[in-house]
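The structure appears below as C-alpha cells.
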Amino acid sequence: MTRLRLLLLLGLLLRVAVCSVNTITLCKIGEFKHENLCCLQCSAGTYLRNPCQENHNKSECAPCDSEHFIDHKNRESECFPCSVCRDDQEEVAKCSRTADRVCQCKQGTYCDSENCLERCHTCSSCPDGRVVRKCNATMDTVCDKFDSEPGQSGSQCFCFSKPLGIVVIIAAFIIIIGAVIILILKIICYCKRGENIQLSSTML
C-alpha cells in the first residue's frame, strides 16, 4: 500500500507540474504580455491604445500626434515630445513621428558636452590665422602654438602661409641651381688651368 501511495503522489505532483507549465505564457520577441495573452508591440511612430484580445495578435495602436515621436517598437501609452531648439541653436533634422528633432549650435559657436544642456560658446580665434582644426558645432578651434604656455604643450611647428611658402620654395630652388652652376664653372676653370700648365711644360 505504501508503494502504491507513493506512486499516486508522484503522479499527482507530475500532473500539477505539467498544468503549471501549460499556464505559463511565453511571449516571442516583439510581443508583450497582457494578462494571459501575448500581444504584438506597436511599430515606431505609434503608441498603444488598447492591448490585443487574442493571443499573438495585433494590438490597437494610434499614430503619434504632431511634435511627438517614438523611434522603436513599443507598448508605450503615449509618444514622447520632440526636442525644441534654443535660440542659440539651429535645426538640422526635423521632428517626425519616428525621429526626434536634431539641433546644433549655430555657425561660429560650439558645445562639446553631451546633449549640450548649457549655452553654446563662441569659437576661439587663432593668432595670425594659425588654425590646426576649424571650429564646428561640437568642437572649438584648435590653434598651432609656437611657444607652449605653462602647463600646456604646444606643437613646435613653423608654418607659412601659402604665398610665402611658394616664395621660399622658389628661392631655395634658385639657390641650389646657382650653387650647381658655380660648381660646374669652377670644375671647367680647374680643367683649363691644368691644360695650360701641361702645354707650357711641353713647349719648354
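Positions of Cβ are set from backbone N, Cα and C atoms, glycine also.
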Identify the disulfide partner of Cys52 as annotated in Swiss-Prot; candidates are Cys38, Cys39, Cys64.
Cys39
Disulfide-wise, see what Swiss-Prot says Cys120 is paired with, picking from Cys103, Cys105, Cys126, Cys135.
Cys105
Which of Cys19, Cys38 is the other half of the disulfide bond that Swiss-Prot records for Cys27?
Cys38
Bonded to Cys64 via a disulfide in Swiss-Prot, from among Cys79, Cys82, is Cys79
Disulphide pairing with Cys85 per Swiss-Prot - partner from Cys82, Cys95, Cys103:
Cys103
Can you tell me the CA-to-CA distance separating Cys79 (disulfide bond) and Cys39 (disulfide bond), as a whole number of Å?
19
In terms of Cα spacing, which of the disulfide-bonded residues Cys52, Cys64, Cys85, Cys105, Cys123, Cys126 are within 10 angstroms of Asn136 (N-linked glycosylation site)?
Cys105, Cys123
When the Cα-Cα distance from Cys39 (disulfide bond) is computed for each of the disulfide-bonded residues Cys27, Cys85, Cys95, Cys143, which gives the smallest value?
Cys27
If we skip the immediate neighbours and take only residues 6+ beyond the ends of the repeat 'TNFR-Cys 2' (63-103), which ones have a Cβ under 8 Å from one of its Cβ atoms?
30, 32, 39, 41-48, 109, 116, 119-120
Cβ neighbour count within 10 Å, max among the disulfide-bonded residues Cys39, Cys79, Cys103, Cys143, goes to Cys39
